[in-house]
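Here is what TrEMBL says about this protein:
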type: DOMAIN; residues: 33-207; note: domain 'Phosphoadenosine phosphosulphate reductase'
type: BINDING; residues: C118, C119, C201, C204; note: [4Fe-4S] cluster binding site
type: ACT_SITE; residues: C229; note: active site, nucleophile
Amino acid sequence: MEYLRNIFEDLISYDENTLLENLLKNYSGCIAFSNGFNPEGQVILHLLSKYPDFKQIHVFTIDTGRLFEETYRLIEESEKFFGIKIRKYFPDYRELEEFITKEGVNCFYKSRELRKECCRIRKVEPMKRAVQGKSIWISGLRKQQSSFRKNLEMVSIDDKNHVVKVNPLINWSREEVWDYIKKHNIPYNELHTKAYLSIGCACCTRAVQAGESERDGRWWWEKDSKKECGLHYQI
């Protein structure tokens, strides 16, 4: 943990305009970047691609097995656009098979506890494998995404995954994200044109209604405002 503390102390000395440059300059071989193929992930991927050491970064995504077809198409399109191969991590098939056999393929609609367990198997456990051996995890979280995320820091220590977590777009607005995407003609999920503001598994995502926040289309049947899967917070 002392090694992570030293990285943390170094990174918090930079502002959001110099963070990525110094991150790539000093730690490129230690970085894992998780792209969930929402707009933020595409912006970060483009920002990272500007640096010479870009291809040393471990770029990956979590394939839960229940993503939208549009998301799978975007993954392929992004690999061509950025000229890289994105590593895919999947749930452990034995654990998933046992869970579905016992609880049912759509059991997450029955209770929050079953939904949390489904997210753990399909997302949280693969994420642990994806960042293992790396010191820095880059994510696309933003304060504006939900009231629950408004107190996030740009750099923090993730004790659960034993990494320093970096959120380079933490202070960006949704408008700034989309302005950047359009300016640079970056590929994005076509579902965003149909009022899907935040996209996860197909079975757990719907379009948002007028007046709803960005993440209200996620797990919409749950009354709890804490719209999280467990990747970034305990739920």
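Placement of Cβ uses the backbone N, Cα and C atoms for every residue, glycine included.
Automated prediction, rather than curation, is the source of TrEMBL annotations.
When Cβ neighbours within 10 Å are tallied across all protein chains shown, the highest count among the binding-site residues C118, C201 belongs to C118. In sequence order, R66, F108, R115, R218, W219 are the residues near C204 ([4Fe-4S] cluster binding site), counting only same-chain partners six or more apart with C-beta under 8 A. Here the domain 'Phosphoadenosine phosphosulphate reductase' (33-207) returns a mean pLDDT of 94 for the predicted model.
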